[in-house]
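To keep things clear, I will list the structure first and then write my remarks on it.
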C-alpha cells in the first residue's frame, strides 16, 4: 500500500464509530466487573484442573516432519458432496453406533442435564467440564441431510485439496489462483504439513522471535489458497456433530497450542472457531496462519467464522496492522484483509445450534438472509453483517436498544425466544464477550457465550473454554486455566504431547453423522 492508500484508510477509519471502550465485551458491564470479582479469587481456582494435566508419552521433536494423518471422512460440512453421497447410499433406517474416543483421558465427563444444572453454579469443583442439554434429544426430522437443498454448496469452485492423502500435502503454485492485482509477493507452492510443523515448533519454543517462521511469499500463498476454500463453501455453514466450538483467541498463540493440547490437534477433533483470531495478543500472525493452514489441510473438518476483528478498520486500531507492519509489511496486512473479507459468517450445527460471533440482528428474518450476504465484503457500519458480528445479549426492557460499544444493538430475552421458535433452534452459541469462567449462559440456557482466550490481555484472570457438541447433541465444556507467559512456557516445555505425537494423532473415531 502506498502513502496515498494509507491516508485513504485513515480517513475511512475516522468515519467509523468510536471504539474508545473495550470492544470485546463487556464494554463496562463485564470487563470492569471481572476485575473486581477476579482480583480476589486467584487462589480459589487452583483446585480446578484442566485436561492439559493429563500425561502422554514424550517424544522428541522430529527434524523431518512426517505427514499429518488424513481427516475423518466424510467431513462435517453437511452440504459437502461426500456427505450427500454417503447419505444417498445409506438406508435411512440404519442407526449409527456409539463411537469410542481415541483419547479417553481428554474427553470431558458427560453429566446428565439435571446433574449439570445443579453443578453449573459450582465452578470450583475438580471437573473441567459441565455438561448441559440445551438441544433436543432427537435429531430434527428432515427427509435428507441438512443443507441438501443448498445447491450451490456442491459446486466446488476452488481447487480440490487431497484430504485423504497419506503423504505430505503439496499444493503447487499453479493451483493457487491470484485474483488480487496488488499481490504483495509471487505465489509459491505450499508444503502444508511442513509449514504446520514450523508453526507448532514456534508454539513450543521458549524464545519469541521478531521474524515470522514463514516467508512473505508463503504467507501470501496461504491466504490465496484458503480464500478459495472459503468462497467455495457457504456463507452459512451447516455442520454435523461431533464438533468443538471455540470462541475468541485474539493472537494468544501459546494458549491456542494449549487448547489443541487439551482438545486434540486436528484431525483428532472437528473444530468450529467463532472469530476474533487477531489483535490484542502478541502473536496474531502465528495464530491466524496456523488456523488457515489447518483449514487448507482439513477443509471439511475445520471451520472458521468471521469475527468483528477480522476487519480492516478494527485491525488498524487494535494491533494486527502494527504487527504486520513490524514483522512483515503493510501489503501482507492488505492480503490478510482481502482473505478476512471472504470468511463465512455463521453456522448451524445439527439444525439446532445457531453459531455466530456476535449475535442477532433486527434485519435477520430468514437464514437465506445470511446465505445471500455477498463475499468478498468489508464489514459495513450498520446492517445485517455488522449486527451478526457486533451485537450482544442484555437484560433490557426493549427488544432492541443501542449498544454501549457504540456499534450495533443489544437484544433481550424476548428476541432470543422469538428467534429460536421461528427457526426451530434450541441454542444460540456466540463469542465476542470475555466471561469469567470461559463460558456463560443467558436466558435459561438458550444462549451461551464462549470465550477461549484465558488470562485475556494479561489483565483478567478469566478461564478459557471450548464447547464440545457430541453426536447426541449433548454439550459440555473443557476449560483452559489462566496462566501468565512464564507459566505457559513451563507448561509447554513439560508437555507430553509435543513433537511426533502431534502428527501421529489419529483421526476422530467419532464418524460424523448427518442429522
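Yeah, the Cβs are placed from backbone N, Cα and C, and that goes for glycine too.
What Swiss-Prot lists as region 'Disordered' is 1-186.
Taken from Swiss-Prot, the feature compositional bias 'Polar residues' applies to 17-30 (among others).
The phosphoserine annotation in Swiss-Prot covers 18 (among others).
Positions annotated as compositional bias 'Basic and acidic residues' by Swiss-Prot: 40-51.
Residues or ranges marked as compositional bias 'Pro residues' by Swiss-Prot: 63-74.
Taken from Swiss-Prot, the feature compositional bias 'Polar residues' applies to 91-109 (among others).
According to Swiss-Prot, the feature compositional bias 'Low complexity' maps to 126-143.
Annotation source Swiss-Prot lists Mn(2+) 1 binding site at 248, 250, 276, citing similarity to another entry. The secondary structure of residue 276 (Mn(2+) 1 binding site), as reduced to three states from DSSP, is coil rather than helix or strand.
Around the Cβ of residue 308 (Mn(2+) 2 binding site), 27 further Cβ atoms fall within 10 Å across all displayed protein chains. Annotation comment: Swiss-Prot describes 276, 308, 357, 432 as Mn(2+) 2 binding site.
If you draw a 10 Å sphere around the CB of residue 309 (active site, proton donor), it holds 28 other CB atoms from the protein chains shown. Residues annotated as active site, proton donor in Swiss-Prot, with similarity to another entry given as evidence: 309.
Among the features that Swiss-Prot reports, phosphoserine is placed at 505 (among others).
The annotation phosphoserine is assigned in Swiss-Prot to 514 (among others) on the grounds of experimental evidence.
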**Q.** Neighbourhood of residue 357 (Mn(2+) 2 binding site), C-beta criterion under 8 angstroms, separation at least six
**A.** 274, 275, 276, 305, 306, 307, 308, 388, 389, 430, 431, 432
Q. DSSP three-state call for residue 248 (Mn(2+) 1 binding site): helix, strand or coil?
A. strand
Q. Rounded to a whole number, how many Å is the Cα of residue 250 (Mn(2+) 1 binding site) away from the Cα of residue 309 (active site, proton donor)?
A. 9
